[in-house]
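*Asks:* This structure is in structure tokens; I'll ask about it shortly.
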């Protein structure tokens, strides 16, 4: 006959598929000789057959349960239904993957009007016994019998009124006895049957309830969303109850094998004598530190430490365990992998390698790359008590506090005086840069993850919360209102750009901290990873920071950010508004040395490493004041009858803004389209790059500039720009008489470019997937518009599993990355291919990039360590799969 | 030895690859016994070897030319360099594909100081002889010797001044003799050599010039752009000159084998006696109609008609021929396929089938589908003399004239009085519909092919020129200025929506005309084509028109156009501005019967045929007034200190407009995203469709509604909407107790939908590729922004071969259509797949749709005949390829 029930000593840790996660864990602890309250597991196969056969159990199951129950009575030396020494058990579900919506736990099963006497006797605590009984009835009534929880609560509340007490704990033993009787009546009324007194009947009903909970609507929905097969089934675990509240020789506690905050190897945990598990966390009595157990009369400390050390070695990771001491005897109730801070994760991983417990590959897999963010930015002190007043988009990580100011000028003024300020605006424009520079952080009520504020703040490494639509900013009155709360100018607020949260007042923040373990682990990662990790950097400072954090090149320098700086913007605006080619040329001539200066700094900082510089990308109107504001100004001037030069000037400006205005600027006149329409702009940029490179080469500095053309959809767009670029560059290099190599390549950020990559690779020497724009066009979603309006809802409602602007959409966008890479390399086998969208610093996306054979990922400087770690993990994970 | 030179009687029509197009044609006419001035062709292979061997001719070529020249002298009974009876020849290039940028023609080669005397003698016209001589020198000097054309012109102009005459024709024979001498000096000065007097030397130099012209920059560029291989090479044709100006027994003429305007089988052409070819077209003397030749003493009419009838039969198509009579002897100089009007093309194709000259398949291939447009819309009378004052986008075909009006109200007022008006606006909005209805046509200065004006006008079948940026519209002053021209209100203008042209005044237009041949040819097409041809129609009138023109279903009904009608817009706006779900529900309830009415009409008109109805697609702000106007109104009201209810109302409106405002509405909150956010809107639409279908079914009318969900990018967007739709529909059908079948499907208009079509087909019963939006997202180009700003330039400069919004881009967008179709059918083998973008009525795109196995194309009603014809051609062409 098929084996449907496993006693804990018959199973093993690797039998998860039939014993479920919990059952396999209990079996494993039993197998390695740990003291675990004994019991047995009914396999997942029973569940599968139950549903196959119209809810009939397989033949022989009943007998096997009976046998195992007998064995349990024998091992525990207790008996089901015994009035002296009753066996009580817990019944728990346990699928392969833990799943909300299923029946969780029934404790104290086996209690009835007879066995309660045995418990009273053994615990010497009548009140505890009856409290356990009424809790058992409540739990059983609700989860097994399906009676609404509220109906039990109603009786409980009524009783408290009668007894004139407020808390459950204030009900005395007599009260609880009355409650038990009332519960019995309730159950009779609701089910038409008496509360089952027979422990075996209780057990059978509880097992039925677990199996039936497999197909509740909530569980089915959860499985559908999480793509878990309906055919897995759940197991049922029946385990002897043990009690830590049987007197001063009993107790209960929790612990970690290492300190989960720091990673130090030390006793870490708490315990209470004569208590049950929930008392430790309830906070009524103050638990003692675990180290105290040493001095205790119980003499279990040594055993406990021996056991959990064994456990850690066995599971080869930090364990978070629960234990109970029943009358001097130690039991392990649970062990699981311990959660830890980033700092601890690093230390533990590195220490365990040094202790010979795990190898370097395993150590690398042990740290969640996303956690590293904690270590790289100033953050809210986890010990601080905080109250969130609003939440926006986490636009640029880091935490900062400062006085509220509403204009860039105020921010600059106060900032220069050394005061900390947060610049609060509905949205920022290039005119606000000087204020952003001096502010600790930026908070906006409009705009998304790619809004001006967000992009500029990320570039500056400054905290930013964007699109916080709950804020009602009234600049004139100098106040922000959030629901009923009013924040005045000069009051302090705190923002957390990593979570998007906004707080009142000064919330303490803590410094980023990079430990020696951080360096060690990342040095191991570097040896394993195959992907290059580049950084996106627009300034020499960013480039230096990126190099410090391990960047192996610059994957994206956005030249337009250089245009946006306050001293340059007027020249740029002049260039855009030029009536003639001549006046445009004049403006460009002024920009040339400025751009060259930028490139000198970046190329020098990245000596010996490639620097990919993208020519101007955004539509020109982004450099001009916005249409609405200008329209209001002109209307106002007109109505005031001020027919002055001022009006004429503003009208001219308005006309130009209107002529450049676009319905869908994202899909408009930008990127290479600008380069084809105004070749003189790209010419100037190419000159500046090559001039800078030549100057450095002459000084003996090895530079590797790569020029990147944005927004190409057709090889015929790329070809003429590439040709013109090479002509300018080659002539300059020749006349300078230096040896300087450079490349010309393109962004692949439009579906058409990916689909025709074989043609584009005929000319382009490298590809860089711009997955931000590629996601926008592949999905047909404007990120700026969507994130506030429907995209977050999409993620909440699981229409999309992830925000595709955060985690690369493998199915759609990823398919284009694959197609583009394959076609590109068909034409040019050694084509250098990378990505420079924000996905380049997101671990799942990095793994994808590795899996499709890209050469590098490029991300913001502070995400370089994350990408390095994720790249190494990708190698290791995929080796595992092989 | 290899044969490098073919005498005309040695070649054949199918030897184009070695003789070139022209040479093969001359050989073919010779072969079938037509009187052609004789000569020989030097093959393209010579050209190829010439370039292979560093511009050396292959061995033996010289001898072969010599031999053929001897043969020519013998056949013509003339001799090279003879003073009595000189042989003169023309030298022409002739590649497989005719190509600009190559040397075209040198006439009268063989003339020199000696042979000219023979010509004087034979023509009895000394002036003509010397004019021929100086022309030969000029042509030879320029194209063979490479002397700038201007230098000859300078001498010519100088001479005219000396002789005090204005026209070339006023120079007398003495003057021409002087000019010849001056030309000789010029040539000596420029080349250092005398003008070559030896005819054989002239010939050799001319042949060299032809071969060298194969590699001029212009020719190379042309080949690159048109993807013509550089390895084809050109042939050289050397042909005896004949002269129609040798007296009254000579003459020259041109003719068509059938009337190219009407298609009638009749004598059609003109001739002149004692004249050269160019005289017929120069207009100095009035040519006689060809039928006159009958009455002439020359007695060549019968022979000519016999010959050209033979030619037509031989080439199996209407021929456009040139002939010369030299001293009573008839020569055919050229024959080519005759160009014809749409009407003629139809008649000729059908007649030729009836005459047994061609079969039906050939007849179908003979008509250019695009030409049919001429027959379906009112158009500018081709006989009218017109002056174009501006050009915009050809947004909706048809020609119309009317008085200029600037507001919809004026248009309505005058229109209702029966006056013809053209509504001129910078751009139209839903508020203008009532004026558009009454206008003859619409002219806008802003907006593209998908602007409001364009889309609505196409829907109404009304002429529209959009985005005519040369117009400066001043509504206040009531004038339009175009450069220096000023057009006042109430003045007449004419627009041609098929070409985008705008004219002053009333230009006569002609009615569309559908002949019996039109019906015949399209009935043949229907039997051959395999693609279904559906129409896009938003009103019952459109649907009826479409059915008349042969539509086999409605592929796209845009429900939003129903929302835009003047009586509905206020309800729609109320719905959008609703504060509560309740007030939205009230507005929707009012819309329900209105929408139902629309569907009743369309479904009834299409009885028995499928009608695909798309649920609401555009962003809601499209139904509200525009942001800029409202901003100006609010600013104005504020400044005027009118703190009234009016201001409050406008401010509320502005707030809503702002909250709905999007950076990139094309990629914003629209389509199924709206349906997921406001399910009540789609619910109402589904109810209206199903209610209408049930009502008709009850009346015994067979209806086939198909409900289409727009802008799906992920199956998870489609699934819940589809489910909700089915629930509503099934309940209604069940409770009505009727048998009614319907389908639920989706647009594939985003790259991601195409890439994941296998998943989407799990739920969707049909796909309709929305290639307008798919082109926008695949290219990352906003059509509205691009067409005015860079797209036309792209096409002009051949960056793109075609405007991808007119002709489907096969390489990129087409690849997605292929992928989507293949994946969709992998999941659902019988999936119905069509396209409903504007490409559905464009012949090349229709052919593509056929080739990838779509089930149908859908286009605007007036393009249905075009699509039917194109679909049949696709079948025939591809059979040919097999």
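Just so it is clear, glycine is given a Cβ too, placed from its N, Cα and C backbone atoms.
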*Asks:* Using only what TrEMBL says about substrate binding by A:558, A:614, A:770, A:771, A:772, A:773, identify which of A:749, A:796, A:797 is listed for that site too.
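*Replies:* Record check against TrEMBL: substrate site with A:558, A:614, A:770, A:771, A:772, A:773, extra candidate from A:749, A:796, A:797 is A:749.
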*Asks:* Among A:452, A:558, A:614, the recorded positions in question, whose Cβ has the most other Cβ atoms within 10 Å in this structure?
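*Replies:* Counting Cβ neighbours within 10 Å, the top one is A:614.
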*Asks:* Could you check the binding-site residues A:771, A:772 and say which one's CB has the fewest neighbouring CB atoms inside 10 Å?
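*Replies:* Each of the binding-site residues A:771, A:772 was scored by Cβ atoms within 10 Å; lowest is A:772.
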*Asks:* From the DSSP assignment alone, can you count helix, strand and coil residues within the domain 'PEP-utilising enzyme mobile' (A:419-500)?
*Replies:* 18 helix, 30 strand, 34 coil
*Asks:* Would you mind giving the whole-number mean pLDDT across the domain 'PEP-utilising enzyme C-terminal' (A:515-874)?
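*Replies:* The predicted confidence over the domain 'PEP-utilising enzyme C-terminal' (A:515-874), as a mean pLDDT, is 93.
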*Asks:* Within the same chain, and leaving aside A:558, A:614, A:749, A:770, A:771, A:772, A:773, name every residue whose CB is within 8 angstroms of the centroid of the CB atoms belonging to the recorded substrate site, in sequence order.
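*Replies:* In sequence order, the nearby non-listed residues are A:556, A:617, A:710, A:747, A:768, A:769, A:774, A:836, A:837.
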*Asks:* With CB distance below 8 Å as the criterion, list the recorded positions among A:452, A:558, A:770, A:773, A:836 that sit near chain B.
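*Replies:* Listed recorded positions passing the 8 Å Cβ cut to B: A:773.
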*Asks:* State the three-class DSSP label for residue A:771 (substrate binding site), counting H, G and I as helix, E and B as strand, and everything else as coil.
*Replies:* helix
*Asks:* For residue A:749 (substrate binding site) and residue A:452 (active site, tele-phosphohistidine intermediate), what Cα-Cα distance in Å is obtained after rounding to a whole number?
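*Replies:* Distance (Cα to Cα, whole Å): 20 Å.
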*Asks:* Just to verify a number: CA distance, residue A:773 (substrate binding site) to residue A:836 (active site, proton donor), in angstrom, no decimals.
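*Replies:* Spelling it out, the Cα of residue A:773 (substrate binding site) and the Cα of residue A:836 (active site, proton donor) are 11 Å apart.
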*Asks:* For the binding-site residues listed here, A:749, A:770, A:773, which shows the highest count of neighbouring CB atoms within 10 A?
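*Replies:* In terms of Cβ crowding, the pick is A:749.
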*Asks:* Please report how many Å separate the Cα atom of residue A:772 (substrate binding site) from that of residue A:836 (active site, proton donor), as a whole number.
*Replies:* 8
*Asks:* How many other Cβ atoms are found within 10 Å of the Cβ atom of residue A:836 (active site, proton donor), counting all protein chains shown?
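*Replies:* There are 28 of them.
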*Asks:* Give the helix, strand or coil assignment DSSP yields for residue A:558 (substrate binding site).
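*Replies:* The three-state answer is strand.
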*Asks:* For residue A:770 (substrate binding site) and residue A:836 (active site, proton donor), determine the Cα separation and express it in whole Å.
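*Replies:* Counting only the Cα atoms, the answer is 5 Å.
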*Asks:* Taking helix as H, G and I and strand as E and B in DSSP, count the residues of the domain 'Pyruvate phosphate dikinase AMP/ATP-binding' (A:301-354) in helix, strand and coil.
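*Replies:* Its residues fall into 28 helix, 17 strand, 9 coil.
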*Asks:* Going by C-alpha positions, which of the recorded positions (A:558, A:614, A:771, A:836) is nearest residue A:452 (active site, tele-phosphohistidine intermediate)?
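*Replies:* Comparing Cα positions, the closest of these recorded positions turns out to be A:558.
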